[in-house]
Amino acid sequence: MTAKRAIGRHESLADKVHRHRGLLLVISIPIVLIALVLLLMPGTSTSVSVIEYTMKKHEGGSNSRGPKNYAVIFDAGSSGSRVHVYCFDQNLDLVPLENELELFLQLKPGLSAYPNDPRQSANSLVSLLDKAEASVPRELRPKTPVRVGATAGLRALGHQASENILQAVRELLKDRSRLKTEANAVTVLDGAQEGSYQWVTINYLLRTLGKPYSDTVGVVDLGGGSVQMAYAIPEEDAATAPKPLEGEDSYVKEMYLKGRKYFLYVHSYLHYGLLAARAEILKVSEDSNNPCIVTGFAGTYKYGGKAFKAAAAPSGASLDECRRVAINALKVNDSLCTHMKCTFGGVWNGGGGGGQKKMFVASFFFDRAAEAGFVDPKQPVAEVRPLDFEKAANKACNMRMEEGKSKFPRVEEDNLPYLCLDLVYQYTLLVDGFGLKPSQTITLVKKVKYGDYAVEAAWPLGSAIEAVSSP
Ligand SMILES: O=c1[nH]cnc2c1ncn2[C@@H]1O[C@H](COP(=O)(O)OP(=O)(O)O)[C@@H](O)[C@H]1O
Ligand SMILES: [Ca+2]
């Protein structure tokens, strides 16, 4: 009986198809054509990578968690290691741990300072781990994710040496900690992840997530080893984004946050962090004097296990000549731009737009501006213009080493010989590299106000949000 009915229905369906074949043909031709065009279009499938997380609402039901969710994130940076502990409520709002919105601890040097001793490298995290774990209530520890994200220092070490260190860190966590380690909890972040987490951090703290892309802010993060830029772009621009250069991460990440889809342009430049750039700039002058070194200084600069001659010319430092060397080191003019518009080194600039109107610029940009005296280190943010870096550079390039302490009382002694270089590089990176106008206002950021508190403007919060919102 059942079989008979099925056959009967099958026959009548076939009859109908036969009867309406003309109409079906008319409908299907444009559909096939559209599918063909989409298939052949350059774009999204090759240049966009989808970030794997959504900021879920924790409103109960099967996905419900406890009232408080902790996350412990290690930032294994090139110049130091840091740990952040955050606590979120069910709405994914940050709630205070004791009297701050995060526990933040740091130490120097970073994991990459022990390239040949993975155990010692991992053990450098012990004091941070113990204090971080102690700040999480005992009963929540097995449910609390811990992640270790290494950045430019381990990236530059190469695969085998960095993998050995990461393995030693995994063992340390297993032996010493009761926190939850997910698969891939201990990794070298790729530059695009680092930049997109930083963008999530800042926009989360500014409460712009969930708003249209043009209400979000763009970010620049100048680390020791690498520098990242990230900002949201319109969907049309994402669809026509160029393919990345060989071996590079894709230019666009697709992200779902607070119910909205964002297309994030993100790029990380390895070797263009501030401490790495010093080496690049000193390499240009090889064994001779360098016009970026403060007048009266002669010494060596050590970076990444190598030593570079760092000696002032007898005639002293020169802002103009140092600018030329910095532009040269950035390869602004001598690399092929095969995209519509490039930043430097042949890298696509993302096309600009509303998501880049306001730029929040972090890490060494804030720190050097504070040391140079044009930003108050006690304030979480400061509005400046690229030309403030040039003005300070002019002063630094025209002083002698002996005058350093009185002209720049806040500069750390080890940084003094490189103050002209650092400030010139920062100006050059913003203006010649990223194409900002010298007079454009940018926000230097150390922390972002969140309610009555201020939270570090660093990528680990973006990673924590992902960790507590994944299933
Ligand atoms: O959590 C943070 N809060 C404030 N500043 C930070 C934080 N993390 C990194 N920085 C800044 O970034 C600088 C160095 O960057 P880092 O060592 O992370 O290099 P990398 O990002 O190239 O690996 C530090 O000297 C500091 O100014
Ligand atoms: Ca960093």
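Placed from the backbone N, Cα and C atoms, the Cβ positions cover glycine too.
According to DSSP, Glu194 (active site, proton acceptor) sits within a helical segment. The active site, proton acceptor feature in TrEMBL is assigned to Glu194.
Residues annotated as ATP binding site in TrEMBL: Gly224, Gly225, Ser226, Val227, Gln228. Residue environment of Val227 (ATP binding site) contains 29 other Cβ atoms, counted within 10 Å of its Cβ in all protein chains.
For 21-41, the entry in TrEMBL reads transmembrane segment.
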- Shell of the ATP site beyond Gly224, Gly225, Ser226, Val227, Gln228, same chain only (C-beta within 8 angstroms of their C-beta centre): Ser78, Thr151, Ala152, Gly191, Asp221, Leu222, Gly223, Ser268, Tyr269, Leu270, Tyr272, Gly273, Leu274, Ala276
- Message: If you count other C-beta atoms within 10 angstroms, which of the binding-site residues Ser226, Gln228 is the most crowded?
- Response: Gln228
- Message: Validating a neighbour-count step here. Other CB atoms within 10 A of the CB of Glu194 (active site, proton acceptor): how many?
- Response: 28
- Message: Based on a Cβ-to-ligand 1 distance below 6 Å, what subset of the recorded positions Glu194, Gly224, Gly225, Ser226, Gln228 would you report?
- Response: Gly224, Gly225, Ser226
- For Gly225 (ATP binding site), list the number of other Cβ atoms lying within 10 Å of its Cβ atom. 27
- Task: Just jot down the residues in the same chain as Gly224 (ATP binding site), at least 6 apart in sequence, with C-beta under 8 A of its C-beta; none if empty.
- Result: Gly77, Ser78, Ser79, Ala152, Gly153, Gly273, Leu274, Leu275, Ala276, Phe364
